[in-house]
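Only one structure is covered here, and it is reproduced in the block below.
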Amino acid sequence: MTGQERSEEKSECVSLSPMMEAVPAPPESERVCVFGTGDMGRSLGLRLLQAGYGVVFGSRRPHSSSSLIPHGAQVLGHAAASQSAHLIFIAVQREHYDFLVPLANQLKGKVLVDLSNNLRKNQYPEANAEYLQSLVPGAEVVKGFNTLSAWSLQNGPSDANRQVYICGESVEAKQAVIAVAIKLGFSALDQGFLSVARELEDFPLQLFPQWRLPLRIAIGLSAAFFFYLLIRDIIYAYVTQSKDISFRIMVSLANKVCPIVSLIMLSLCYLPGVLASFLQLYRGTKYRRFPDWLDRWMLCRKQLGLLALGFAFLHVLYTLIIPIRYYVRFKATERTVSVIRENRTTQFDTTTAWRGDSYLSLGILGFGLYVLLGITSLPSVINTLSWREFSFIQSKLGHLTLLLCTAHTYLYGWNRFLSSSTYKWYTPPGYMLCLVLPSVVLLLKLLHTHTQNNTLSVMTALSLRGWLPFNHRLPCFWDQKPTITFN
Ligand code: NAP
């Protein structure tokens, strides 16, 4: 750098704090540089200042940027700013990275943190961080902080995502970035080499990836059962009896769809675990990958379970408002009046009372356990449980929840299963259809436990006879990736 250039750089230097000149500058290890005074650069700079770092911004126009940057920071031209710190955050869009090429010599040996994201997947042939590394080969590029938003940086980690994912080739460079992340209050997760950068860049483009399939299933099931019940309950009454009971769509129909979808989705939570157990038993080993579809299914069990809980909750709300419905109050009054007018006496039916109470009680117990499963799927609660406690709740109590909710539905059907009037237009009612899957899951689970116990006895017998080595590993339920529903 010539003397003239140096004096130009000096004249470009702007300190926002008049105290800065009096206060000695922090050592280089405590100083960081941020290229770019946009939203991300300013938010990051603010948090770095709050964490006690000295912050020097690198900008194309230090003078005009000076009014924007946080109080206490300095702003210089890029070349001068890069000299002030070992760690430089690049808060500039990838399209403009070529401004770094003339600075390649000054940036040699520095750690460059690439914050950039893209507008869509596969926008460029290589990851932004790899592109940056190719422009400045002498620097150590680390990808990181890109999964945070400028907003969350301003609000602090308590108000948003606490995790910072990083990757890069140099262990020392990554450690330096991790140290900054921790000091800012984030937990840093090292994802490996720079080749992972593309994955990290795609991360902010994803919209609830694990919720997509469960949401589609929930919407599909709700729509299918809604139309099925609309035809069976409302249109059937209109066509065969010329009765308009379309008002039932709002509460009665909704209160049928919700428990049906909830029970099917709860079964879908437990079905992949049971299928995986059978697959392991069939293969005789746990050391083989599950098919991709089963893997994907297992990975979204928590979301399936939480959606099932949501539908169960709606069912409870709809059920609680039944007594205040106009239709119900009208029917009750009409019945009472007709009993009085006709001077009839009605007999108390103990069987019906038993059935009604059992049906309600099983529903309440099932919902109580449902809520417990939901609560224990919260990360803060999971952290307080041992693996065994978590497994006990999610697997054992989870299957018990399925059993209680299934029994609740069987009791709802009671003797109507055998009555021909139930099958309007030869179609079974919705609750009958929704019992198929949970019954299959519970039967398979029973069968699996039985088969596993039998296999265990056979293997033990074989081992005792010396036909099998004693240390032969029997695949068991717990050997799978967590078979947990709401994990
Ligand atoms: P921005 O508000 O548009 O700011 C970008 C900054 O880059 C500008 O203020 C400018 O700073 C500098 N710049 C623009 N053109 C330049 C050029 N030709 N040469 C050199 N520098 C130039 O963008 P941003 O939202 O802060 O985002 C910055 C980077 O962070 C992007 O790569 C983005 O993907 C990433 N990011 C942003 C967020 C977010 O929430 N905003 C979250 C994660 C990651 P000077 O005028 O001071 O030179």
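Placed from the backbone N, Cα and C atoms, the Cβ positions cover glycine too.
All annotation found in TrEMBL is predicted automatically rather than curated by experts.
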Do you know which of 170-196, 359-385 TrEMBL annotates as transmembrane segment? 359-385
Any contact between the transmembrane segment (426-447) and the transmembrane segment (217-239), i.e. 3 or more CB pairs below 8 Å with pairs at least 6 residues apart? yes
Please report, as numbers and ranges, the same-chain residues at least 6 past the borders of the transmembrane segment (359-385) whose CB is under 8 Å from any CB of it. 266, 302, 305-306, 308-309, 312, 316, 393-394, 397-398, 400-401, 404-405, 407-408, 411-412, 414, 485-487
What DSSP reports for the domain 'Ferric oxidoreductase' (260-404) is 119 helix, 0 strand, 26 coil
Using a Cβ cut-off of under 8 Å, list the residues of the same chain at least 6 residues beyond the transmembrane segment (217-239) that approach it. 245-246, 248-249, 252-253, 256-257, 260-261, 264-265, 268, 304, 307, 311, 424-425, 427, 429-430, 433-434
Work out, from DSSP, the number of helix, strand and coil residues along the domain 'Pyrroline-5-carboxylate reductase catalytic N-terminal' (31-117). 32 helix, 21 strand, 34 coil
